[in-house]
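**Student:** Before I ask anything, here is the structure I am working with.
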Amino acid sequence: MKQRFSSLDVKVIAHELQESLVSLRLANIYDLSSKILLFKFSKPDNKKQLLIDTGFRCHLTDFARTTATNPSVFVARLRKVLKTRRLTKVTQIGTDRVLEFQFSDGQYRLFLEFFASGNLILTDAELKILAIARNVSEADGQEPQRIGLQYSLENRQNYPTIPPLTKERVKNALATAVSKAAAQNPSALKKGKAKVGAELRKSLAGAITEVPPVLVDHTLQANSFDLSKPLADILASETLLDELMKSLSEARDLVESIISTSQCKGYIFAKYRVASGGEEEVDDRRENLLYEDFHPFCPKKFQEDPSIKVLEFDGYNQTVDEFFSSLEGQKLESRLSEREAQAKRRLESARQEQAKRIEGLQEVQNVNLRKAAAIEANVEWVQEAMDAVNGLLAQGMDWVNIGKLIEREKKRSNPVAQLIKLPLKLDENVITLALAEEDDEPDEDEDPFETDSESEDNDTASSKAGGQAQGKSLSIDINLGLSPWSNAREYYDQRKTAAVKEEKTQQQSTRALKNTEQRIHEDLKKGLKQEKALLQPIRQLMWFEKFIWFISSDGYLVIGGKDALQNEMLYKRHLRKGDVYCHADLRGASSVIIKNNVNTPDAPIPPATLSQAGTLSVCSSDAWDSKAGMGAWWVNAEQVSKSASTGEILPPGSFTIKGNKNFLPPAQLLMGFGFMFKISDASKARHVKHRLDDPAAAVGSSTKTDNEADEEQGDDLTAAESLDTLEDKDDESEQEQDEGEGEDEDQDKRDNPLQQHSEVDEAENAVAQVEQEVSDLKLTEQAADEAESEEESPDQKPDEEEDLASTSEAQPRPSTKDNGAGSVKKAPAKRGQKGKAKKIAAKYKYQDEEDRAAAEAVLGAALGKKRAEAEAKAKEDREAELEAMRERRRAQHQKQQKEAAKHEEVRRQMMDEGIDLPDDGEEEKLASIDALVGTPLPGDEIAELIPVCAPWNALGKFKYKVKLQPGAMKKGKAVKEILERLKLDSGKKNVVDEHARDSERMWPREVELIKALKPEEVVNSIPVGKVRVMMSGGGGGSSGGGGKGSGGGKGGGRGGGGKGRGGKGSKK
């Protein structure tokens, strides 16, 4: 079975990665094990995962894998250097098994070695090693490798160029192989004809390294080259050399043709799994195949082998991923199965142990009953035996002599002696009798008309029968101090005691077995958590899943922004003619868009959908935490604009509303969490969507509520703009709320630091003007020194700029011109200063510049002067850099303003003319929601399970749903609780319908998809903060809110133990 890459595999993978990964940024790096790393690359709408098994393989993967909680030291170093950098080049080093990744145009280079034990080496542009997975010591042909040394490329195979394929190279390779074989064993050339094919491949592989041996074999077999020829004959024959050259040239051409396309074909070669009877199962299903090998071409030897199944794939990355993921999945599945089997064995052992205890007590009862019955059936014999022994004891006979006497009487066939079993237990006042059970007694009477000979024969037969009966008799201990009936009563009492003990053991064993089962299940659960989860394909997110979204009860797609940037994106990309914009005048409320049918954009939106969209906007605001619900409002798409009444373009996430707002009733703070099923195209036809296509059946968009009388006329600024200024002031308070597991990030992303850009530009212009005026002033040397001493440090410069940025136009800065002019005036001299100046002037009257420099050098004053000059220069450089950054920000902001103004002007003109904005893929995007259903029908092919959080009224027809209310539980913990509850329910009896027919029960495919969900992936779909989970049956522990008695509402389960009023539940 193939385990690692060949040089051809590295070449093909490098070619595909160059096509698919270049220009993507490295998002993060994770540990999967000590030698396996996962690189995540991404750019908008394009995410890739690169799996690197050091020394073995490297490929893109479509399967999700469990990552380590904390990164290793090596991965932490890679993250520090490479994270967020753009991948610019992927190439193979020569023809060696070394892959190179270049980041940031070669600023950092990552080398992957797939030979020996493998290695992962990070270097800078000059090949200086910055991080290494495994230190390598110096050896023959191997340079030392450790941090700080240079990474050498000259030792790599065919670097920097591949030599041309000539006949001389082939001759030299064959001659070297012949001479080497002759030197080792001269007779090997004659005896080794059967291995000539392997020798030829080996000789060419050492010299023609650019062509892999498997490819050489393929071309030689395809050209019918005689592999039985000795190497010496091939070397001596020009014809054979020409044929060999032709095959090698075809092999090189095949390599070039493989990488001529952007996506190469791959082939997996598998064998059929052997059945239990020893015969191969000829079944083409993937689970019945054992993967053996993979190549980017189909070798001749596999084409002609009937026992090999050839699987073809589009893309070599997909081929390698399928090959290794299948092997990895089989190993994981076997480990999980072994843990489950071990738990079952422990549980079965506990059950058998309890059963043995109960069986032992039942056996004791049965034996005591039989003994008592045997005593009662043989009362006379028992009494006679007791009298005989008691008589001997009364005569004072020694106990040993009593035993000898009974032994002698047995030999004489004394029937009473034959009943007594030795040794005697006279020290306990007990003897043991062998009594026949009641069923063993003969029923036939003696025949009175028998002769003496018949009587003797019958005696012999009776003695044999007696021996057999004695062999089946019971050994019963008889107390000599009691009567036979009292002895029987003793055994009856023992039977009764055993029966009482059995009953108690039954009760205790039931509890003990339940505790044992619980403990075993907990151990199994803990063990399964330690094991890696089974490989699951990575689900490709739909285009609207990056937003807050749900599908209304009428079948309309409703999407909302998680922050100001997403609100801006929704406005620019997705708000079209016929859509509805919904918002609430609350802090942090999301801008919600209801997507109308593209074919009927003028059709009105149903009131239920409008109400649900308003509920989403209200619940996503601070009203959820304060538990104070208010009403939302909606307007048509053409009423939303980015330009204010003054013509200024508003910051991202802020919009103006033209015309009247249609207010909705106050929303109930009640959300729901559920799952939607993505079904196949064949199953979509069986589901009827609930979209209101008949305009007459819906309420007109001009319908207004009673609150409309209080609306304001004209242009209104939305709460998204009016509250952004308040949000800037309350950043610290919002950061204090963002604690714990970080689940409330979506609520704290409403702030938009770019809102004040127009004011920043004006303030910066004022600063630039003042600085220009100040620079024009000519200060004296003393004034300049004083100004420098009073000037602020460079570290305080950004703070000053921020203060300027937050200053309004109506508050102009005091002019610095007068201050600058005033600073030129010399301050009056202090007392004694003039005299001191005269003394200094007289002392240094004849000192020139050279003398002064020499004196300063001796005193060390020159060093301080140079340091001051260096600091002044560094300060100037920092100021220049800050000015350049301000200029770049100013230019970028102006460009964004121009683009926004242009887009707004085009949108306004098209809206005025009744023309929708062009979007070719809009209809296809909305058609994708037809594959999402809340409850699958029997026979549907379920492809994916998608978590969704929506207003409770929108989840009416969902099979799996949970009610969410404002509470104290973090949403991450709530998601874990919900998933654990579903997984626990799936393990209960009669809950899962194996035939997938009953829609009220769980289906195996649904259970499989639910178990594959990860809480960290699901939690992003919940747009609210802390919650209270309401599950049917009063479930959910402390989070359950079922009332005392029934839960109330349709489909509600029974309530929990609280006294509060129960909410609506669900069937599942």
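From the backbone N, Cα and C atoms, a Cβ is placed for every residue, glycine too.
What TrEMBL shows for this protein is this:
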COILED    333-364  coiled coil
COMPBIAS  436-459  compositional bias 'Acidic residues'
COMPBIAS  460-472  compositional bias 'Polar residues'
COMPBIAS  724-746  compositional bias 'Acidic residues'
COMPBIAS  783-804  compositional bias 'Acidic residues'
COMPBIAS  805-818  compositional bias 'Polar residues'
COMPBIAS  866-886  compositional bias 'Basic and acidic residues'
COMPBIAS  896-906  compositional bias 'Basic and acidic residues'
DOMAIN    546-659  domain 'NFACT RNA-binding'
DOMAIN    923-1030  domain 'NFACT protein C-terminal'
REGION    435-472  region 'Disordered'
REGION    693-906  region 'Disordered'
REGION    1029-1068  region 'Disordered'
**Student:** Which sequence-distant residues neighbour the compositional bias 'Basic and acidic residues' (896-906)? Criterion: at least 6 residues beyond either end, Cβ under 8 Å.
**Tutor:** 572, 641-643, 649, 917
**Student:** Average pLDDT across the domain 'NFACT RNA-binding' (546-659)?
**Tutor:** 90
**Student:** Would you list the DSSP helix, strand and coil counts for the residues of the compositional bias 'Basic and acidic residues' (896-906)?
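**Tutor:** Each residue of the compositional bias 'Basic and acidic residues' (896-906) counted once, the result is 11 helix, 0 strand, 0 coil.
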**Student:** Counting by DSSP, what is the helix, strand and coil composition of the compositional bias 'Basic and acidic residues' (866-886)?
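**Tutor:** Helix, strand, coil within the compositional bias 'Basic and acidic residues' (866-886): 21 helix, 0 strand, 0 coil.
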**Student:** DSSP-wise, what's the residue breakdown of the domain 'NFACT RNA-binding' (546-659) into helix, strand and coil?
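**Tutor:** For the domain 'NFACT RNA-binding' (546-659), the helix, strand and coil counts are 32 helix, 29 strand, 53 coil.
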**Student:** For the domain 'NFACT protein C-terminal' (923-1030), jot down how many residues DSSP puts in helix, in strand and in coil.
**Tutor:** 45 helix, 27 strand, 36 coil
